[in-house]
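Engineer: Take a look at the following structure, please.
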Amino acid sequence: MDGGGDPKKRRLTDEQVHGLELSFREERKLETGRKVHLAAELGLDPKQVAVWFQNRRARHKSKLMEEEFAKLKHAHDAAVLHKCHLENEVLRLKERLGATEEEVRRLRSAPGSHGASGDGGDAAGAVGACGGSPSSSFSTGTCQQHPGFSGADVLGPDDDLMMCVPEYGGYADSSVVEWFSLYGLI
């Protein structure tokens, strides 16, 4: 051989490689009988066939690991991105919560609000001030809107009648008022 290489190491022909690849796809493990048959069929030494199969299994395993790594890396990157989106959402929600809490404090401290009187009113109680009969624990009235509060997300156009129900923890809309009227509670 020219090039001064080991005469035992011969480069395989394309046909030999093709035959070995076909055999490898059928079965990755190489038994002795199959190794001898394949070597005779391709004109190779059985030891050469065994080494080729060993190397091919190593390349195959390496390729599988690379593919698995790529899948895991993709899943990891997606999880990191999802985590970032969730962290941003938490920050936005905290900002909204802070703004809402500030609005509730502002409304409770407004003149005429129930929250400022210390009656245990909640955010719904800050929407309107209702007057009613002192003889009943339930009092009905029309809720007046506080200046500077739109109430559009709380009160609809048909929700002008509200009932102050301390035991209920706030205000009831017109359907609850009808129920209380039906059963003679107001």
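Each residue, glycine too, has its Cβ placed from N, Cα and C.
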Engineer: Looking at the ranges 2-21, 102-121, which is given as region 'Disordered' in TrEMBL?
Structural biologist: 102-121
Engineer: Pull the DSSP breakdown for the domain 'Homeobox' (3-63) and write it out as helix, strand, coil residue counts.
Structural biologist: 42 helix, 0 strand, 19 coil
